[in-house]
Amino acid sequence: DRQTLVAVLQFLRRSNLRESEEILRREARLLGDDFGGSAATVASSSPGVVAATAVPPGKGEARTGGCGVAARAGGRPSRRDPKRLRELVLGHKVGGGVVVEDQPDVSAVLSAYNQQGDPTLYEEYYSGLKHFIECSLDCHRAELSQLFYPLFVHMYLELVYNQHESEAKSFFERFHGDQECYYQDDLRVLSSLTKKEHMKGNETMLDFRTSKFVLRISRDSYQLLKRHLQEKQNNQIWNIVQEHLYIDIFDGMPRSKQQIDAMVGSLAGEAKREANKAKVFFGLLKEPEFDVPLDDEDEEGENEEGKPKKKKPKKDSVGSKSKKQDPNAPPQNRIPLPELKDSDKLDKVMNMKEAARRVRLGPECLPSICFYTFLNAYQGLTAVDITDDSSMIVGGFADSTVRVWSVTPKKLRSVKTAADLSLIDKESDDVLERIMDEKTASELKILYGHSGPVYGTSFSPDRNYLLSCSEDGTVRLWSLQTFTCLVGYKGHNYPVWDTQFSPYGYYFVSGGHDRVARLWATDHYQPLRIFAGHLADVTCTRFHPNSNYIATGSADRTVRLWDVLNGNCVRIFTGHKGPIHSLAFSPNGRFLATGATDGRVLLWDIGHGLMVGELKGHTDTIYALRFSRDGEILASGSMDNTVRLWDAVKAFEDLETDDFTTATGHINLPENSQDLLLGTYMTKSTPVVHLHFTRRNLLLAAGAYSSQ
């Protein structure tokens, strides 16, 4: 029998009899199966990334079949070995850091649903468990209720797979009403799977089968469940728990219903605690130092006060706080960043002058809001971006055009033709002015090139380039000097939902329907990194202010933080009950705000990997989030036609981030987020799709007027 075989194999390995072990395993067909295979199956079933690296035997590691993930020597890796699991989940760097996703074989995946019980008893099994959980003590009931949904799905799929269609239908009808309201969309998909054939091509179904559903339960509740299932000889349910669920057990008080509700709701349950343990360098990079010449008016002002004229080097407000390196910042050269050009330095100087005149916001001093309404946008406005200096605004439209407007009196001009350029005196002081063709000046430029709706747009920090991504599967880079397309980046095979430039330029990220995000550099045709792990479309992407990390939001209702250096997933945040459509990092890099179709804004502490706040108020999808320049205020814009302002300082003060909270995920969110709400501003009938704080903290908002 198998147990004996495994014991013999373990003995052979311990005695270093490699060849005999290999022969026996080949004979017994235990290649990727049980021995060491439990690690391989965990790996292929984890929502993380599985890398296709095979380690040569004889390096203290043994080869396993299947995925080619190396399992440790020294016996069968335990399913509960979190450190090992984490290595498997995070995957390894392959070929310059691009991580290869291991696609499960459909028939192998489904065959795990081999018949294991009497189909007529499924309802009895489930209602028996339901009765047991509902009659257990309050403190355990909330935790054990998490089992209802994954067990319901797996038992239903098992019935369908084994062609007990009438039993499956009656099982579904009897129990689907008991599931939490936030699983309604998934249940709708599930109800359409009524025959074995339907299961073959269904992605949702495959995800559910291949990724273990994660439940976080206290040890006491788990023991209670285990005892009940063993006494009742309820093997059917116990098998599913062992086969398809990953129970993350913690020591300590069970969590309350409210604490659990805050964290659950994603496609694959909660994140394992191990997934959020890696160190993240969330601090900011040191600003480069250079002298800032003072304005003439500043100098006169100083003279009147009788002080000597001094040209002090001023630094950006971020750099001016301390000359020391931020202890949480990544090393300056951790990833290669582009050199500062002279024009960038000039822009930084302008930025500093603006920052000196910046309004300090707070509950007593709210920003003015200037709303750009796109009227008669019958082409269907699908994306907006505004340059950092607030001089240009771009709209992406469903008719596949990209339109750029100047919002200052300065018109948009193209560079002259080559023939005209050859006549210019290159030594003259105003050469940059002379190369521009006055005849082309206009407030609006339309860029043609995409062959489908444009879902994302992003200006480069130096305002020389513009990115757009579209349903046609490409990301295009446009020149804002010539208003022509420079490159079309092809890598996604399906619609690309979002794209964004790094705050330092050069790099950009894109995310799409193919469930992966890709990191690109403007001068490479191929992506530099592929971030794979989400179980559904990547709907929005954002760079961390230090450019070392990328956050992605997905329709699988999770947010992931990826390390640009090695492509690893370093944080998984669960808690939203619908697809995520907006992300914003706080200016100090410590916090992340996320908004979704559930109308909630969730706040996350990146360093500790914890949810630290929930802002309720919006009644529809949140498409725009932005922190003010100093991080005192968070603005959110939604399809409910409102902009809301929240007190970010208050939201992030007095955080409980002690070791216990971090270890168990016992988060205590304030019942009421209304005391953080500073203001709600209605538009007439315009959903808010973009928000932007100017360098002086004026809030700009944008959206297209909808007449219905």
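Cβ atoms are placed via backbone N, Cα and C, with glycine included.
According to TrEMBL:
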| type | residues | note |
| --- | --- | --- |
| COMPBIAS | 292-303 | compositional bias 'Acidic residues' |
| DOMAIN | 117-245 | domain 'TFIID subunit TAF5 NTD2' |
| REGION | 292-344 | region 'Disordered' |
| REPEAT | 374-415 | repeat 'WD' |
| REPEAT | 447-482 | repeat 'WD' |
| REPEAT | 489-520 | repeat 'WD' |
| REPEAT | 531-572 | repeat 'WD' |
| REPEAT | 573-606 | repeat 'WD' |
| REPEAT | 615-647 | repeat 'WD' |
Integer mean pLDDT for the repeat 'WD' (489-520): 94
Dominant neighbour of the repeat 'WD' (374-415) in 447-482, 531-572, 573-606, 615-647, by Cβ pairs under 8 Å: 447-482
Highest-contact recorded stretch vs the repeat 'WD' (615-647), from 447-482, 489-520, 531-572, 573-606, CB pairs under 8 Å: 573-606
Cβ contacts under 8 Å made by the repeat 'WD' (489-520) with residues that lie 6+ beyond its boundaries: 101, 337-338, 452, 455-462, 465, 467-477, 526-532, 534-543, 545, 547, 550, 552, 554, 562, 564
